[in-house]
Amino acid sequence: MPSSLDARAHRGEAVTAAAAPDAAAGSAVPGTGTGRATAKTILFGEHAVVYGRPAVAVPITAIPVTALARPVEGPASLRSALYHGRLDRIPERLRPTGAAVSAALDAVGRPSAGVAVEVRSEIPAERGLGSSAAVAAAIVTAVSAAFGRTLSPDERHELIQIAERAAHGRPSGLDARSVVATGPVWFEDGAATTLAVGGPMTFVLADTGVAGRTREAVAAVRALHEERPAHVDALLERLGGLAAQARVALGTGDAEAVGAAMTDAHAALNVLGVGDPALDHLVAAARTGGALGAKLTGGGRGGCIVAVARDADHADDLVAHLRAAGSPAAWSTHLEASR
């Protein structure tokens, strides 16, 4: 059974070594801070959410990221699978990670402090699974905790968004909310609420092995919207409507209805121009493997698909089927009925 400390870290809350009893009030003793977040999958609403439509996302607890931080003498540094060195020499492609560290130091009033940050992530990058947001969430929680500060959910969200703006330009905030969620999220007008689940439901994710091109896809949708606004608005409205249908289906535990909505959403996203042959291949493979529905997830043009399994046992078979179809990695995530 996980300890209470482990459980707090799992929720993305601050965990501070040698913390005082009132650590939640921000008076913890500085020490080693730990932050944890998870991957996420967008079930419905990618791209549409950028234009004010609702979205549904689910955290993937099987794919975690953890950050450790401790105050040090000397310059701030980062250790990860992608980089080990001083923060002021971080490569351009990791600028969002550096932005997360800097934002957290600013938040605790120690912008010039030395801090050693270690990131351990199991989330594949550029797959539409919220890697940049999850890493940022873990880092800002860990760094703040290392300096005796526990962030409120809104403070944490804004710090994650600083890093996300460095990564994506104009993030909707969906990823920042989803990677620290404990259940399915309904996201609308910048606010996130936890969705009720009427019955157990299992989703399977599969990686195409092709890096997603989120910035490119977002720019392409924007350009198409400027060129054919009525056409794109109709597609976005359709995607938002499918998110609303899925909200009802999740609430009643109707996996078949969720799957049917996924199939419709994938078709609409293809018309929107964010599909990819590798995504279509795995969506088709999921359907031949017995999935109730499947679609691309995230920005598109590569990345991952998400499918609805018939039940938890079928999810294991579906993972194997998708791996046999060429996916280099696949995972499942299970939702229990809300209590």
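Cβ coordinates are placed from backbone N, Cα and C, and glycine is handled just like the others.
Annotated features, as they stand in TrEMBL:
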REGION    1-32  region 'Disordered'
COMPBIAS  14-28  compositional bias 'Low complexity'
DOMAIN    102-176  domain 'GHMP kinase N-terminal'
DOMAIN    247-326  domain 'GHMP kinase C-terminal'
* What is the three-state DSSP composition of the domain 'GHMP kinase C-terminal' (247-326), stated as helix, strand and coil residue counts? -> 49 helix, 10 strand, 21 coil
* To do: Report the DSSP secondary-structure composition of the domain 'GHMP kinase N-terminal' (102-176) as helix, strand and coil residue counts.
  => 41 helix, 7 strand, 27 coil
* What average pLDDT is reported by the model for the domain 'GHMP kinase C-terminal' (247-326)? -> 97
